[in-house]
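Taken from Swiss-Prot as is:
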| type | residues | note |
| --- | --- | --- |
| SIGNAL | 1-19 | signal peptide |
| DISULFID | 38-99 | disulfide bond |
| DISULFID | 54-144 | disulfide bond |
| BINDING | 55, 57, 59, 76 | Ca(2+) binding site |
| DISULFID | 56-72 | disulfide bond |
| DISULFID | 71-127 | disulfide bond |
| ACT_SITE | 75 | active site |
| DISULFID | 106-118 | disulfide bond |
| ACT_SITE | 121 | active site |
């Protein structure tokens, strides 16, 4: 490959990186997203959960609107508890897990914060998979005050 071609390729790659409107995700959220896909067997994209109800996605307030939103509130509360009592950073905690026939399973060798966060994520992912998804509850922050 000619040096000029390499420069053009590099320029394209750099411009694509700058054009991305998605902020970098904490490592754990990537794992959690994969767990959700494992639990629901790919039936629903993870993006459907990013702005659902009052608690699915960043932050949360008000009263959960349904069973799925309650799953998100419980998960948020668990992360808050992990930050306080376990003194860990759940959004950045990396753990080992596998996708089994009955959903995500945490590696038994994990201990401490890794075990707690993996357990919270696996439980939430299974809860998401069981809960009905109501399209009317997507992007409703005005009802969550």
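Backbone N, Cα and C atoms are what each Cβ position is placed from, and that goes for glycine too.
Annotated features taken from Swiss-Prot, shown on the structure.
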| residue | record | DSSP class |
| --- | --- | --- |
| 54 | disulfide bond | coil |
| 71 | disulfide bond | helix |
| 99 | disulfide bond | strand |
| 106 | disulfide bond | strand |
| 121 | active site | helix |
| 144 | disulfide bond | helix |
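Cα distances from residue 127 (disulfide bond) to the recorded positions 55, 57, 75, 76 are smallest for 75. Considering only the disulfide-bonded residues 38, 72, 118, 127, the Cβ with the fewest other Cβ atoms within 10 Å is that of 127. Of all the disulfide-bonded residues listed (71, 99, 144), 71 sits in the most crowded Cβ setting, with the most other Cβ atoms within 10 Å. Surrounding the centroid of the Cβ atoms of 55, 57, 59, 76, where the record places Ca(2+), the chain contributes additional residues within 8 Å, namely 54, 56, 58, 60, 72, 73.
Using Cα positions, the member of the recorded positions 55, 57, 59, 121 nearest to residue 72 (disulfide bond) is identified as 55. Here residue 144 (disulfide bond) is compared against the recorded positions 38, 59, 75, 76, 106, and the shortest C-alpha distance is to 59. The disulfide-bonded residues listed here (38, 54, 56, 99, 118) include 56 as those with a Cα within 10 A of the Cα of residue 76 (Ca(2+) binding site).
Following the DSSP three-state reduction, the secondary structure of residue 127 (disulfide bond) is helix. Listed in sequence order, the recorded positions from 38, 75, 99, 121 having a Cα within 10 Å of the Cα of residue 55 (Ca(2+) binding site) are 75. For the recorded positions 56, 59, 106, 121, a Cα-Cα cutoff of 10 angstroms around residue 99 (disulfide bond) retains 106.
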